[in-house]
C-alpha cells in the first residue's frame, strides 16, 4: 500500500493486490484500489495529533451549540477502542474521550459570560440489548437482571432512551471517574484475533447546555463518541459458543448500519431503515440529521486482512457521500416566557381600562400599597433628573401616588443646608465604603490563595505518608515469609524424627490447607497470608504490567516533586508580596510625617520609590498566577496517573488470583 499526502487536496490511500497465478491466466480481478480521505495517520501517529485533527474541531462546534458525533469503524483488533478511549499504560496514551473532556471543561472555565451545565451518559449495546454502563448495580447484579434501555419515540419522531441515566459532571475529574466506571463494566472477551476484544457497541454522550445571564434563550448540544465493536469473519476466526453468538449480533448490527449508509447516499430513496437495529435508531441524528459527524476508519494492513481493509475503505467512501444539515440548537426558556407573557397581559388590561374609561371599583390591596410606597420612595431618592415613576395604566394607582407625594411634600421640613451637608456626608461614606470593600476583597483573595496552597501541601504530605506505609508493609511481608519458611522446615524435621507420627496423608492435608489459606482469609475479610504475599511478589516481577506500574510510580514521583517545589516557590512569592506591601505602608507613613513637618512641599507628587514597589508587586503577582496555574495542571495529571495505576493494579491482582486458584487445584489433584 502507499499513502499520498497533499496539503491542498485530500490524502489518498492506494492498495495493490497482485494477481495470483494459481487462479489461471484468465484473471480479471482488480489489482489496484485507490481511496481518498481527509486525513491519513500512520501507525506511529501520536494520540494528541489525532485529537487535534479529528476531535478538536467537533468539540468546538459542540461548544458553539451544534451537535457532533465521532465514531470509529473497522475490523476487530485494528485499534478502535485505543483511538476512542485510549490505553491504560501511559498518560500520553489517553484517547479521544478523555482529551475531549479535558478540552471542553478547560474552555468552559475560561468562558465566564455564560452559565454551562454538563451531563454524561454511557450506553452499551450488547447482543442488540441496551444497558446503562453508569448504573451502580452493574457490579452486584448479573447482566440479565439489569434493566434494559428501551427506545421511545415522540410525535415529532425524536428518540428518547428509557432507563438510561444522565449523570451531572461539574468538572473534569467527575467526568473522568464516570468514564472509568463505564469502561470497567464493558463486555470484553479474548478471541483468536484480539486478546481484549470489546464485544459490544458503546456510545459515550456529553450533553451541554449554555445560557447567558438574563437571557431567555438556551443552547443545547450533544456530542456522541462511539466505539463500535469490530467486525470479524467467523470462518476465519473459528469461534464458537458465546463468542459465536456475540459475533452474529455484531455483524448483523454492522450490516444494518451499512444498509442505512447506502440508503442515505442514494438521493431518490424515500425510506431509510433506521428501525432495523437499536444502534441505527439511537444514532439517527448522527447519520442523517442535525449533526456534524466524523468517521474514523481503522485498518490492520496485513496480507491476511486485505479483504477487510478494502471493505472498510469502501464503507468510509459511502459515509463521505452523506451530507447533513447542521442547525444551531436554540430554544426559549419556558419559565421566563410564561412570566413575560403574564406581565404583558396585565399591561394590556390596564391600557384597555385607561382608554375605555372604565374605572375599577375595588380598592388596592395592602401588598399593592406597600409596593407603591417603595416605588415612590425610590423615585424621590433617585438623583437622576430623567428618572420616571412607572405605575402602569391603573388610574387608582396614579391617584394614590399623587396623594402620597403631596403628603410627603407637606410634611417635609428639611432645609437646603441640611440637604447639602447630608449630600457631602453621603459622598464621604461612599468613598470610605468603597475603600473598605476593596481592602476586604484583597484580604479574601489572599486568604483563598493561602487555603489553596495549604490544601496542596497537605495532599503532598498524605501521598508521601502513603508511600512510606507501602514501603513498611513490603518490609514486613518479606520478614513474615522468612518466618513461615522456618516454621515449615521445623515441622518437616519433626515429621522425619522417630517420635513424630506425621504420615503422608496428613502432610497432603496440611499442604492443601496452606494453599487454601489466602482464599479463606480473604473470604473472612482478613489480609493476605504470608506465603501468598511472597508468591504475589514473584508473580508481580514476572508480569508484564509491573513495568507499567513502576513507570507510573516514577512519573508520579516526578510530578509530586515538581508540585512540592512549586508550592515552596508560591510561599516565597507570597511572602515577598507581603514584604513589598509593608515597605509601601512604611513609605506612606514617612511621607505623611514629612508633609506635616514641611507643609510647603506638595503632598500630591508621585513617589518614584512607591511606584517601583508597585511594579515589583505586579510582577510577583503575575509569577504567582503562572505557577498556580501550573500547579492546577499538575493536580489533574497526578489524579489521572493515580487512576491509571489503580486500574493496572486491579488487573494484576485479578490475574494473580486466577493463577493462584489454578495452582491450588493442581496441587490438590
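Using the three backbone atoms N, Cα and C, a Cβ is placed for every residue, glycine included.
What TrEMBL says about a protein is an automatic prediction, not a curated fact.
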Item checked: Annotated range (TrEMBL: coiled coil) out of 425-477, 478-530, 531-583 -> 425-477
Margin query: Within a 10 Å radius around the Cβ, which one of these binding-site residues has the most neighbouring Cβ atoms: 74, 77, 79?
Written below: 74
Note to self: I'd like to know the mean pLDDT over the coiled coil (425-477).
What the structure shows: 74
Next item on the list: Determine the most Cβ-crowded residue among the binding-site residues 75, 76, 81, using a 10 Å radius around each Cβ and all protein chains in the structure.
Entry: 81
